[in-house]
Every structure is written in C-alpha cells, then in structure tokens.
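Here TrEMBL flags 29-45 as compositional bias 'Acidic residues'. Summarising the annotation, TrEMBL assigns compositional bias 'Basic residues' to 250-259. Annotation comment: TrEMBL describes 260-278 as compositional bias 'Basic and acidic residues'. The transmembrane segment annotation in TrEMBL covers 62-81, 101-120, 132-154, 160-183, 190-209, 221-242, 384-402, 408-424, 444-462, 474-496.
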Amino acid sequence: MGKTFGSELSLYSATSHVSKASLAAAGDSSDDDEDEVDDAVEAGDDHEEVISTKIPALDGGWGWMCVLGCALMHILIGGLLRSYGVIYVKLRNKFNSSATITSWVGGGLTALMMGLGPVATGLSRRFSVRKVTFVGGILFGLGITICAFAPSIYYMLFSYSFMTGIGSALIYTPGIVIVGQYFEKRRGLAAGLSAATSGLGTFAFPPLAELLFDNYAFTGGFLILGALALNACVSAALYRPLEDSLPKQKRKQLRRSRRLLKEKEASEKAEREEDEGRMGSLLDNGGSLIKDCARCDKKSVFSSYVDVDLLKNPSFICFALSSGLAATSNLASIPLIVDHGRDCGIPEQRAVFLVSAVGIADTIGRALGGVLFDLPMVKVRRRLWYCGIILMAGVAVYFWALSDTFELMVAFCFLQGLFSGAVVSQRPVVVTDIVGVEKLPSSFGLTVFCQGVFILVGSAIAGRLKDASGSYRATFFFTGSCGVLGAVILLLSYFADYRKRRNGSSTRPFSSRTV
C-alpha cells in the first residue's frame, strides 16, 4: 500500500492493520471491543465496500414515538409559557411591580429558551437528545416549583426567567431537531402533528392556572404547576437516538467504524509518510465512496457545535431575522392580552379565555400547516406561503389594539392563533428547505437564538410602552409591526433568490424546494 489506509481498503484489511494496543491507547481496551474487532476480521469478506455512515431517515417506526414525546413537550412548553398571561397579573398584584419589569420575567424565560438553542443542540450532539432533555426537564420543573417561595419580583427573575428558561431550552430545541432527523418525506406532517399540541396546552393551562391560584393561592399554584412541568422527563424517555433504530449488527458496525477511523497508529508501517489521512466509513449502510482529506487544526468549541458557514448565507440570515421578528409579534403579545382585557372592562375570569382562544386556534393552525405545506402546489413555493402566513399573524395583532369588546377580541385572538400556529409548526420545515437537512440542528439552533434576542428586547419595549402610554394599544401596534416587518424581510429574500435562480448566478444549486 502506498499509504497506511488506501482507497482499496476493505473491512478485513482495516481491522487487520489496527493493533489491539492502539485500541487500548485510545481508551477502548475492553474485552467486548476487542471481540467486536475480532468479529469484524472474521466478517471481512462480507464488507468489501468502503461507504458512508450516514443514517437514513426512517419516515416512521420509532419516529412516531419521538413525535409523541415532542407533542408532550409542546403541551408543557406551550401551556406553561402561555399561562404567563395569568401569572403576569398575579405578579403585578402581589409585588405591585411595573409592566416593564414584569414583562422582563416572562420575556427572560422565552429569550433563554430560544437563545440557548445552539447550546442545547451542541449538548445533544455530545450527550444525546435523551440525556439533555431529561436534565432540562428537571430544571424546568424545579424552576417553576421554587417560584412558590418568591419574596420579590427580582427573585422571579432567577427562578422563573433564569432557571426555568435554561430547562426549557434543553427540552425545546432537541425535541424539534430529533423529529426532523427521523422524517424526510413526511417531515411537514410530523412537525405539524408534534407542534399542534402546543395549542392544546395553551387552551387548557391558562384556565387551569387561574383555578389553581384562586383555590391554592400563590404558593400552592406554583407547586402544582412545577409538578406538571416535571412531566417533560417523560418526553426524554421517548427520544431514542436515530442510530439506536438501526439493527443491532449495524449499530455495532457503526461504532466499530468510528473507532477505527479515529486511530492514528497502525501495526504495519507505511511505505511513505504524509500529513494526510483518509476518511470514510467501514459500515455497509449505503452512501458515498471514501474521500481524501487533509489533516487540519482542531476546531474551536463554537465551530464544533455551530456551523459558522450558515452566517455567510444571506437567505438563512434573512430567515433568522424574520423568525425573530415573528416570534416577538407572537410571544411578546400573548402574555399581555389578559391584562389588556381587564383594562377594557372584561372580568379576569373571562379574560383568561382570550389566551385559550389563541390556544385552540393555534392547535388547528399547526395541524393544518403540516398538511398544507406538504401539498405539491404549496411545496414548490413553501417560503412564499410562509411569508403570507407571518404577515396575517402580524396584522391580526393590530386588531387586538382596536378591539374593546370580549366578542371581537376572541375573534381576532382566534385568527392570530390560527396563523401563528402554522408559522411555528413549519419553521423547521422552511429552514430545512433553505439550508438542507444536514444543517438542520445548527440552523434551527441559530434561528431560535435569534428569536431569543428579539423577544428579550421586544418584551422590554412592550412593557415600557404600557408604562409610558397607560394602555396596551401602543404595545400591540408595535408587536404587530414586528410581524409585518418579518414577513417583508423574508419576502425580499425569496425574490432575491428567485432572481438569482433566473439569472443562473446562484452559487448554490436551487431546487424547487429552495425557493
């Protein structure tokens, strides 16, 4: 062989040239591992091709259990976060706090949940989605539980915003990513079904929270809500890594292949030495031929977890900005609707059902979005349809400011929930169309990070506008305008890409799903 590992390398030749001593040096000296290598040598004749370790999406199977786990996560996240409209009123009454600082409590939680998306993605790659979600579920439930003993509004910034925010980040992004990894042809449907249950949580939890606080007071209400939040650990139990869905023999081959590819020593000296290696897979699982690669310096922690090339993609940057503005329009508005209803003379017990109206419409919108965005006529211009839905969700918030009766507010809350539900459920689908499924974890993590930053700033501005003007009308005009602006940015990006495609000047090959 001209090199230690040649392009004609078979599984037998690779395993025969890797000594057991080198395996021990790499920290893999267990008897079981040695037996696996010996088994590979014996089975070498059956694996002559050198091919990729890429694991295909199953489009079913255990993927539906992951959809169920993600659905449970959305019930808890959607329900408990949207219940902040009730909590917001209780905090202002208990601590006599301003709208600005009280908005920061809810906005801080949402900002951390979104902003720590890339961190949650990186931790999931390192430790698995299941482990990260389990730890996040414990933090999520514990953070809400200790809110019961809050002596001041600033304590809530630690317990509700910081602690619960970190926990929600560790259960939110990984759940969405694993569903996207399990599905390809049915990705829109799977994303829609898993996200639809958020509306159920939004519908049920605000009245439940109001009931709990009325019957068990501030302390008892938070203790029970914290216990419910701990059910996020059940979602973790349902998330099985995609690799574990392979047959047992395939999983053994995959682990063995990765171990061999990390080896830097061989029992047989090469004829000549070069600072060049070969990378590829020894797993017979379908894919591409072995490729040359030059040895490079170790990546930074950030670049290992986040694909920095995404920051050079104008289409993705526009999508992230649009998502941040759309999230501000949605998530910075809903917590204020109950207090706005009270200001309009609606009793608090009835005003709570404004959030429930958003919730039930959100459920319908997420489910319909999953079906709609998989239709052939929509799929070819999915991003354009997505722009229209963001626009309608933002316009609906304008009418919150113009409504002063319970009936009108319910109607426009329903419309806003219908459109915003479709926006949220199809966000991972649209970003996949733009950057590809292989970059979904990093792209979605960066997208939710952008949302977190926008929500943190937007919530503070929304509260400040209330304190300055004395009503929420200016606040809703501001948040509605955020949604409209987000739609405009994404629309301009769409037409820019379309023009590049027509002129043939795009550096990236476009498919019908790209635009």
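Placed from the backbone N, Cα and C atoms, the Cβ positions cover glycine too.
TrEMBL entries are annotated by machine, without manual review.
Same-chain residues lying 6 or more positions outside the transmembrane segment (132-154) and placing a CB less than 8 Å from one of its CB atoms are 73, 76, 80, 91, 95, 97, 101-102, 105, 120, 123-124, 160, 162-171, 174-175, 218-223, 225-237, 239. Beyond the ends of the transmembrane segment (408-424), by six or more residues, the same chain brings 195-196, 198-199, 202, 326, 329-330, 333, 337, 341, 344, 346, 353-355, 357-366, 368-369, 372-373, 386, 389-390, 392-393, 396-397, 399-400 to within a C-beta distance below 8 angstroms of the stretch.
Contact between the transmembrane segment (221-242) and the transmembrane segment (101-120) is not supported: fewer than 3 Cβ pairs lie under 8 Å, counting only residues 6 or more apart in sequence. When Cβ-Cβ distances below 8 Å are used as the criterion, the transmembrane segment (190-209) is approached by residues 63, 67-68, 70-72, 74-80, 82-83, 85-87, 175-176, 179-180, 182-183, 221, 225, 338, 352-353, 355-356, 358-371, 373, 417, 421, 424-426, 428-429 of the same chain, each at least six residues removed from its ends. Residues 57-59, 61-63, 66-67, 69-70, 73-74, 76-77, 81, 87, 104-117, 119-121, 123-124, 129, 132-133, 135-144, 146-147, 189-191, 194-195, 229, 232, 235-236, 239, 241-242, 245, 428, 432, 437, 440-441, 444-445, 448 of the same chain lie 6 or more positions beyond the ends of the transmembrane segment (160-183) yet place their CB under 8 Å from a CB of it.
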